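Features reported for this protein in TrEMBL:
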| type | residues | note |
| --- | --- | --- |
| TRANSMEM | 32-51 | transmembrane segment |
| TRANSMEM | 72-94 | transmembrane segment |
| TRANSMEM | 114-133 | transmembrane segment |
| TRANSMEM | 145-164 | transmembrane segment |
| TRANSMEM | 184-206 | transmembrane segment |
| TRANSMEM | 213-234 | transmembrane segment |
| TRANSMEM | 240-260 | transmembrane segment |
| TRANSMEM | 281-303 | transmembrane segment |
| TRANSMEM | 323-347 | transmembrane segment |
| TRANSMEM | 368-388 | transmembrane segment |
């Protein structure tokens with residue numbers, strides 16, 4: 001559905017093989033539009049990072065804004081929140097104006113996929129607007145952004161679990177069941193091997209001595225959660241197989257690693273952070289990868305408008321929109337709050353070092369709670385059919 005050229009009976013043409021410029025100039029192409037929105041989101045991330053790390057030296061014109069107080073309230077942590085607020089406003093306005101779109105050719109479809117000249121004026125205007133607001137409003141937005149970022153993490157979590165279950169269903173629905181079973185076992189075995197290797201490496205890197213009780217608890221509890229998910233998945237009444245708990249195990253190990261990695265540099269149990277505390281090429285690469293990963297996660301989650309259905313609908317009518325426009329922009333709006341929280345370490349009073357992202361105890365606990373929530377949602381998905389069925393029979 002993403003390659004080739006498709007034309008419906010009304011002459012609606014989605015150019016997917018043409019150049020980006022021709023698509024941008026000629027049309028209302030929702031497939032091209034999502035990449036443009038993603039690029040605008042990436043630019044907002046880079047601007048927020050520049051304001052935080054290099055704003056004091058490069059953005060001297062900020063001192064001219066009334067509410068900036070010689071640039072103090074428009075740079076650093078508060079500058080990140082101002083850029084985040086501008087980005088949020090843009091995508092939230094797009095959400096309000098495109099929510100409920102179901103068919104192509106409508107004015108909402110054309111607004112989402114076109115009118116780029118108006119949007120290229122609206123986007124920088126909304127990015128600049130928060131710099132005209134008083135500091136009290138920005139601090140209030142910073143508090144609200146904690147909840148918005150939490151909503152983003154929840155949507156992303158459901159999207160990941162939905163994809164894992166959909167992938168498992170695809171393997172089970174294959175005609176060549178025996179051959180597919182071998183592939184599933186190989187994939188599940190590889191996933192479990194990587195999980196165990198990841199746990200061992202975390203013990204080596206983040207538990208240098210027995211006094212690191214918190215890290216020991218985080219890693220050991222993650223190992224227990226993997227075992228718990230596997231046991232429930234293999235229960236005769238559930239019978240969900242090895243693949244989904246194995247892939248979920250990879251996900252929770254990754255979240256645990258991100259959580260421990262977010263611990264402050266000065267902590268004795270985080271030797272890896274101490275070894276990369278200086279701004280070297282490895283630190284810069286890690287920051288760039290983390291930033292791009294966050295943007296890609298926002299993009300992929302936004303396109304997956306069926307994630308709350310826990311299934312992928314392959315049957316789509318020709319006049320239906322290719323993805324949920326309102327959901328897409330809502331994810332990017334909450335993603336704007338999320339990148340703001342990452343760049344300030346989830347704490348508006350916490351100063352971040354250059355080329356760092358998502359560092360601080362608040363970041364650590366947000367990640368850990370996200371891991372536990374992921375396991376709870378996954379287990380509920382496994383047992384929900386039995387629970388609902390038993391309630392219906394009683």
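Placed from the backbone N, Cα and C atoms, the Cβ positions cover glycine too.
If you look at the transmembrane segment (145-164) against the transmembrane segment (213-234), you find fewer than three C-beta pairs under 8 angstroms, all six or more positions apart, and that falls short of contact. It is 240-260 that, among the stretches 32-51, 72-94, 213-234, 240-260, 368-388, forms the most Cβ pairs under 8 Å with the transmembrane segment (184-206). Long-range contacts of the transmembrane segment (213-234) within the same chain: residues 195, 199, 202-203, 206-207, 240-242, 244-246, 248-249, 252-253, 256, 259-260, 269, 368, 371-372, 375, 378-379, 382-383, each at least 6 residues beyond the stretch ends and with a Cβ under 8 Å from a Cβ of the stretch. Among 32-51, 281-303, 323-347, 368-388, 32-51 has the largest number of CB pairs under 8 A with the transmembrane segment (114-133). Only pairs six or more apart in sequence are counted, and the transmembrane segment (32-51) with the transmembrane segment (368-388) gives fewer than three Cβ pairs under 8 Å, not enough to call it a contact. Outside the transmembrane segment (281-303), and at least 6 residues removed from its termini, the chain residues within Cβ reach (under 8 Å) are 34, 38, 41-42, 45-46, 49, 152, 155-156, 159, 323, 327-329, 331-332, 335, 338-339, 342, 355-358.
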